[in-house]
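Per TrEMBL, the features are:
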type	residues	note
TRANSMEM	26-44	transmembrane segment
DOMAIN	55-183	domain 'TLC'
TRANSMEM	65-84	transmembrane segment
TRANSMEM	96-116	transmembrane segment
Amino acid sequence: MSTQSHLNSSAEFLLPPFSEVFHTSFLVPFLIYFTCFRLASLYVKTFMWQQFTGIKEYRLKNLSICLLHAMITGIWSTVFFFVYTREMFENIIHWYQPWAAQLPIISVAYFVHDAFDMITYEWSRWTIELLFHHITSCFALLCGILPRKFLLANYWALLMEGNRSDHILTKYRRHNHSNIQTI
């Protein structure tokens with residue numbers, strides 16, 4: 001679909017067209033990014049954090065993929081902010097480019113990957129809370145991708161991932177310098 005055809009479509013007043021998740025413009029990149037996260041997770045589970053066992057091992061491996069996502073989205077959204085500052089402030093509703101939709105699609109793929117990973121390896125109150133967070137985050141990101149409106153609102157939200165990278169690295173450092181049982 002053309003970017004111009006959506007400019008005055010009033011889509012910002014309608015529910016997002018969720019059936020668009022089956023359109024190739026979303027589905028193909030989503031499946032590619034999801035597969036990349038699965039493969040990265042397989043690599044981490046096979047070759048990293050082998051000296052730990054149980055829940056510590058799982059959480060360190062999970063945090064490794066979380067860090068990968070946080071670094072990709074944090075760096076991309078920060079660079080985007082400095083390159084497209086004017087659009088970020090002045091055209092938050094209507095600005096849309098298919099290449100720019102890739103970052104939120106990457107995040108949706110990560111959240112789905114992480115949800116599968118958590119369901120497979122850990123059931124706790126924390127898991128249920130995080131699953132709820134992932135579902136609401138995917139919904140919010142899809143609201144900017146599918147109607148081709150509010151894409152820049154996704155970028156504003158993803159700017160926080162730079163801070164998330166630092167938070168994850170702090171958890172790694174804390175783990176390496178103490179005997180904390182939970183991460």
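Yeah, the Cβs are placed from backbone N, Cα and C, and that goes for glycine too.
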Near the transmembrane segment (26-44) in space but 6 or more residues beyond its ends, with Cβ under 8 Å, are 20, 61, 64-65, 68-69, 102, 105-106, 108-110, 112-114, 117, 145-146
Taking DSSP H, G, I as helix and E, B as strand, the domain 'TLC' (55-183) contains 100 helix, 0 strand, 29 coil
Taken over the domain 'TLC' (55-183), the predicted model's pLDDT averages 87
